[in-house]
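Participant: Quick paste of what TrEMBL says about this protein:
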REGION    1-32  region 'Disordered'
TRANSMEM  111-132  transmembrane segment
TRANSMEM  198-219  transmembrane segment
TRANSMEM  225-246  transmembrane segment
TRANSMEM  344-364  transmembrane segment
TRANSMEM  384-405  transmembrane segment
TRANSMEM  514-538  transmembrane segment
TRANSMEM  558-580  transmembrane segment
Amino acid sequence: MNTVGERMTKRETSENDEEESLLKNENSGTDNESKINYRGWKVMPFIIGNEIFEKLGAIGTLSNLLVYLTTVFNLENITATNIINIFNGSTNFATLLGAFLSDAFFGRYKILAFCTVASFVGLFAIQLTAAIEKLHPPHCEESAICQGPTEGQMTFLKTGLGLLMVGAAGIRPCNLAFGADQFNPNTDSGKKGITSFFNWYFFTFTVAQMISLTIIVYIQSNVSWAVGLGIPSALMFVSSIIFFMGSKLYVKVKPSGSPITSIVQVIVVATKKRRLKLPEYQYPSLFNYVAPKSVNSKLPYTYQFRFLDKAAIVTPQDQINPNGSVTDPWNLCSMQQVEEVKCLLRVLPIWVSGILYFVVIVQQHTILVFQALLSDRRIGQSEFLIPGASYYVFLMISVAIWLPMYDRKVMPLLQRLTGKEGGITLLQRMGIGIFFSILSMLVSAKVEKHRRTLALINPLGVETRKGAISSMSGLWLIPQLSLAGLAEAFMSVAQVEFYYKQFPENMRSIAGSLYYCGHAGSSYLSSVLISVIHQITAKSETGNWLPEDLNKGRLDNFYSLIAALEIINLGYFVLCARWFRYKGTGSSSIELEKATKQSERSATNCVNDSNL
């Protein structure tokens, strides 16, 4: 027994020594970094618990907000859809500001703490618009003219939405990165923990969405809007408590200054030195200083975007400090800075493809709700009606089924077959997601054509201000949602992990915000598509594709148009993926070795020539 205990102690001591050694090497031997106590999965109940209740609160309100605006605030379909798209777009773009403030000034913990409280206040304000009669217009009777909201009522509602925007600006880009901060990125167990954390994060996020889209949405649509919106605000309050309970256990990475400053410096200096000639094999002669306490890992040299290398050309006017750093960073940048900017630029083409992809998911959030309202929402012969906004849960079920299966069964199998971390590359997973999004739109077009035909031939009744209810069962919407769910399981999880791993360490909050900025771009693009198609087709001989009454339109044509855009997007993505080089991969190291050898040969030739 003593021998076994001694062996266990020695092994634990060895592992601890290895971890401390790795930490010291990664952080240039600083004592502070070597003392970081990574608790990993021990603090996940607080982080994921906070995320579950935050999503239950936020999604419980936002998922049915389209129906709330059209039924309680009496807004038209196109107006309400555009408000939702613009709100979602603005909220997701605001994550850039939250990421900047986190990385530059406050750190992820403080940003999350403040924004969690802001989200609670915002949800409470929206709940008051339903609970207090003076904060929303009177109910629209079937035979009466509907009265829209007053300026004061819309202002109060927008205040609540604005606070939600503030909350999302910090929570969305920082929550994932904050969770990943709790694992040691320099050990095998820590790396595996980060990968599993991303999968399980999205799994719990999906479960929270499923609960919101079923129980909470049902209460809102069938019991009371005041109660249905009060539940999310209460859940958000619980989320805040759970988050603060783990405050003493978290790894709180300190802000290291804005990485945006370094990015701008590289661009400015490269522009200043644009007229300088860049030798063909020049890497060793460029300024290659790395700060001793830098949180970023050393990046190898790459041949892409070589025009930026000019920022590291040392001229007689550039002055170097005794410690090796540059005196004026606005006149000379290091190759480390240049390579960090290259990481960002390499990711941007992939990000653009993500914007086009998310247009598909936006339709399943918005237009599909109106499809569902004009379908037979009964389950069997019962009188129970599935709320229109609840159909989105089938997308979540698809995600919830696939992610654990992929993490526990498919990924280990693919790892054994391919020998790659994750089984297949992140870009391959993203490409599969785009393919499923195309299938989702094609099926959506086919189902909508069938729904519209039955609505015109064999209607069940009439939905107030919407049109005839089709006899097609709403369950026919499940296939398109399931395909969209598979697309999300491949694309979204891979995209978040892709940004996290391909960005320098001090840009990881920005990496998180870039994912949401993709959502923002897709929301704006979707709003533009809807408005343009609505205006152009309204004047055409074939009629408006997107009228207030979908039975008089051609929504199937709109879906087919998006499918065509996604086919083009897939081709564009494949080209970008073939061009892309992963950060710090072997190919990058080969490029560095090649550049160094060629430079040495060039220098040797010069010496021989001079000797001759």
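Backbone N, Cα and C atoms are what each Cβ position is placed from, and that goes for glycine too.
All TrEMBL annotations are machine predictions without curation.
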Participant: Using a Cβ cut-off of under 8 Å, list the residues of the same chain at least 6 residues beyond the transmembrane segment (344-364) that approach it.
Facilitator: 85, 88, 263, 304-305, 392, 395, 427, 430, 433-434, 437, 440-441, 444, 480-481, 484, 487-488, 491, 495, 498-499, 502-503, 507, 514-515, 517-519, 521-523, 525-526, 529, 559, 562, 565-566, 569, 572-573, 576-577, 579-581
Participant: Same chain, outside the transmembrane segment (558-580) by at least 6, Cβ under 8 Å from its Cβ: which residues?
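Facilitator: For the transmembrane segment (558-580), the sequence-distant neighbours (Cβ-Cβ under 8 Å, at least 6 residues beyond its ends) are 346, 349-350, 353, 356-357, 359-360, 363, 367, 427-428, 430-431, 434-435, 437-438, 441-442, 444-445, 448, 529, 533, 545-546.
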Participant: Of the listed stretches (225-246, 384-405, 514-538), which one yields the highest count of Cβ-Cβ distances below 8 Å with the transmembrane segment (198-219)?
Facilitator: 384-405
Participant: Mark yes when the transmembrane segment (384-405) and the transmembrane segment (225-246) have three or more Cβ pairs under 8 Å (sequence separation 6 or more) and no when they do not.
Facilitator: no
